[in-house]
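Asker: From TrEMBL, here are the annotated features:
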- Asp157: active site (ACT_SITE)
- Asp362: active site (ACT_SITE)
- 141-481: domain 'Peptidase A1' (DOMAIN)
- 1-32: signal peptide (SIGNAL)
Amino acid sequence: MVEVRANKSWYSSWFHLLLLLAASAAASSCHGEKKQVLPLRELQLGDIKTSAKCLPQRSRRVNGATILEMKHQSYCSWSTKSREDRAWKLLALDNARVSSLQSQINDAAMSYSAEKPSSSPPAAGAQIPLNSGAKLQTMNYIVTIQLGGKQMTVMVDTGSDLTWVQCKPCRSCYTQEDPLFDPAASPSYQPIPCNSSMCDSLQMATGVSGACGADQPSCNYALSYRDGSYTNGVLARDRIDLAAVPVRGFVFGCGESNQGMFGGTSGLMGLGRSPLSLVSQTIPEFGGVFSYCLPTREFDSSGSLILGSDYSVYKNSTPVVYTRMITDPQQASFYFLNLTGISIGGTALRSSTQFNTQVLIDSGTVITRLVPSLYKTLRDEFLRHFSGYPPAPGYSILDTCFDLAGYKEVDIPTIRFTFDGDAEVDVDVNGVLYFAKPDASQVCLAFASLSYEEEIGIIGNYQQKNLRVVYDTVGSKVGFAEETCGYS
């Protein structure tokens, strides 16, 4: 009996050891594959009622940094109540935006190559349309500022330079929530004269020279775009307040004739790289540094826009990693980066398209776009890791979809971008799949292919969820860190 018990004990110990080894191997395998859990039931993707009025966004000053609360534009303006309708419309308009963007980049390259050598600054023909998706109602974000002592809610755009608002007397203006800005009511308002350096700066900032004439002492701007939107008015100076920080003599566009679907906002904040952008004009106050952490949901979440280089106010959970900006005189205002690699679940992609490719990081484009050969490689590798789930039909620009209605949660392979300087950025689990149907019966890989290999890839804001993205225009670098986005 004793011997039998000893054998049983030996077998029990051996079996227990095998279980431990199997568990260890499974854990190692999971770790190697680098997956994240997406809890489908916790996303609450049903229809949400929009606000009847766009309430002012909060702001505060902390440790030398200005923090502005960001909301999605839909918080104020989206009239479509069905989430399915919103999802389809969003992607269709996002595709139109990307097509317009690629056309302008291409036009700029051809225009630049045709120009003779000149000491004058290059025309920024590759400028994203001033509305930068506002007309297209894509993923735009809003903040509240004060101009001439009056509160204004404006769209934020990293692809535009000129900040502008609608002004009295308004010959033709769209409907906005806030009262129109009245230059006559602001003692600090001053129109910019013709033949001034600031008037000359319009050419670089917008691609269009300031309009001047014998009977026009003030510098006038007139901008129109392929999508039919436009803003015309006077270039002027006034005091702008960003939280508790006053910026005197801030140059902006006082729009007297404006049309486009700007979602009830007063205008636009330009965060591009030209001398007229808010970033450049506030270098004495904020050092040419700004960052954002975008709202993760359309209606009931906040993010933050931080002006200044005091990193102590960030709430990042990982260190900020930096990559250099690519400066291209053909597209002087864009934020270009070198993408050197992509991995799916820890597996590095091998593509016929050589890495070290130039991509645009954009706050207005929704879905990340890759050239066809690279997109196909990414999609195939994703399917290799994300297998066994029922397929669903393609949806708009998204061709790889699944029916996940019967699942409480799914394991998502980690998607990692690597930029120049070995800056590694993991896409948040909420930025990998796009929910076309609120019941998860049609959920798609949130990446799309460009039409041609020669086009420029774009890192969209859907893949920037829960990231602190830092733009250091003086140091010519962009940083990334993981952060749960919010305002408080």
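Glycine is no exception: its Cβ is also placed from the backbone N, Cα and C atoms.
Automatic prediction, not curation, is the source of TrEMBL annotations.
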Asker: Round to the nearest Å and give the CA-to-CA distance linking Asp362 (active site) with Asp157 (active site).
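Answerer: Asp362 (active site) to Asp157 (active site), Cα-Cα distance: 8 Å.
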Asker: Relative to the Cβ position of Asp157 (active site), how many further Cβ atoms are located within 10 Å?
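Answerer: Cβ-Cβ neighbours of Asp157 (active site) within 10 Å number 26.
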Asker: Which number gives the other C-beta atoms within 10 angstroms of the C-beta of Asp362 (active site), all protein chains shown included?
Answerer: 26
